[in-house]
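Swiss-Prot has this to say about the protein:
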BINDING   R48, R54  NADP(+) binding site
BINDING   R131, S132, S133, N243, A244, G288, K303, P304, T305, S306, S307, R329  FMN binding site
Amino acid sequence: MSHNTFGHLFRVTTWGESHGPALGCVVDGCPPGLRFTLADIQTWLDKRKPGQSRFVTQRREDDLVKVLSGVMLDDDGETMISTGTPISMLIENTDQRSKDYSEIAKRYRPGHADYTYDVKYGIRDYRGGGRSSARETAARVAAGAIARQVVPGLVVRGALVQIGKHRIDRANWDWAEVGKNPFFSPDPAVVPVWEEYLDGIRKAGSSIGAIVEVIAEGVPAGIGAPIYGKLDQDIAANLMSINAVKGVEIGNGFAAAEISGEDNADEMRVGAGGDAVFLSNNAGGILGGISTGQPVVARFAIKPTSSILSERRSIDSDGKEVDVRTKGRHDPCVGIRAVPIGEAMLACAIADHYLRDRGQTGRLK
């Protein structure tokens with residue numbers, strides 16, 4: 001299987017499977033001299049790890065990261081300094097239950113990658129989905145923690161803005177609320193609504209989709225490239241690569257089709273310091289594939305997980321018609337834990353384009 005690497009200068013390769021002994025990543029192209037601690041990486045993994053509420057899978061994984069290469073310890077014994085060589089990180093799997101999947105060893109779960117993996121490779125790891133499992137994304141979050149260190153002043157944040165048909169009220173948006181509830185919701189008023197709704201989904205053994213919004217602030221103007229090297233193109237590709245993502249939009253996205261050119265175009269003025277000031281941000285911080293200096297805003301839609309308790313019609317690898325009912329531990333809404341994953345993938349795209357711009361123009365330090 002190829003295509004386990006993304007990025008151009010800031011390159012990330014992930015490896016490992018859901019029920020293997022470990023998973024991890026190799027980050028290549030990281031500039032030398034970056035200073036960070038293990039806690040700077042672990043903080044983001046702790047946001048993503050399973051088993052933290054009744055609304056996510058009850059698989060218990062500590063997701064403790066080990067940095068194996070690419071750094072030297074400073075004199076304080078805690079701060080790591082990147083050397084410019086590949087940074088390799090490892091996360092052990094400790095709570096696999098492969099026996100939960102024995103009944104689907106030959107059966108294809110509807111909506112899952114079982115059938116397509118078998119068609120393409122002639123073999124598949126049915127234990128938790130193997131490489132197609134969202135367990136792989138823990139490594140991406142670790143890589144994203146490194147990416148955040150590459151761009152000076154970069155702040156990447158995310159929030160869950162919709163579960164099923166239940167949306168947040170954007171008038172209530174408060175970043176301080178995101179870490180106070182199990183949904184990463186910026187709207188405290190919607191939390192009890194989501195709790196009741198997801199309890200019903202969870203008890204029925206079903207699942208539901210969601211929408212995540214990720215925002216990057218501190219992105220310098222001018223990174224990205226026209227035509228085939230667009231910043232938003234690579235952001236979309238990074239977000240689409242996340243398990244279960246079925247749609248991505250930048251800025252106004254699909255809503256731009258409903259408004260006029262007067263309403264959509266971001267007007268400009270000269271600020272007090274002589275810099276360009278935008279009066280709105282419908283473009284999501286990107287014009288012509290190049291950043292404007294405004295916050296970069298993206299949203300992505302996540303389908304309901306295909307692992308549900310209801311019996312579904314399918315076939316097996318012998319070509320027989322079967323009914324499939326998935327056992328095991330699964331997220332009733334995978335969109336919840338996709339928030340830190342989306343943040344990581346956005347950070348990686350921006351770090352990559354930042355380094356590409358620095359190499360091409362020399363204007364960024």
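Just so it is clear, glycine is given a Cβ too, placed from its N, Cα and C backbone atoms.
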Only counting partners 6 or more residues apart, tell me which same-chain residues put their Cβ under 8 Å from the Cβ of R131 (FMN binding site).
M1, E17, S18, D125
Counting all other Cβ atoms within 10 Å across every protein chain shown, which of the binding-site residues R54, K303 scores highest?
K303
Report, in whole Å, the straight Cα-to-Cα distance of R54 (NADP(+) binding site) from A244 (FMN binding site).
20
Compare the C-alpha of R54 (NADP(+) binding site) with the C-alpha of each of the binding-site residues S133, K303, S307, and give the closest one.
S307
Using a 10 Å radius around each Cβ and counting other Cβ atoms from all shown chains, which of the binding-site residues S133, T305, S307 yields the largest count?
S307
Three-class DSSP assignment, S133 (FMN binding site), comes back as coil
Measuring Cα to Cα, tell me the gap between R48 (NADP(+) binding site) and S307 (FMN binding site) in whole angstrom.
19
Highest Cβ count within 10 Å among the binding-site residues R48, A244: which residue is it?
R48
Helix, strand or coil: which one is K303 (FMN binding site) in, per DSSP?
coil
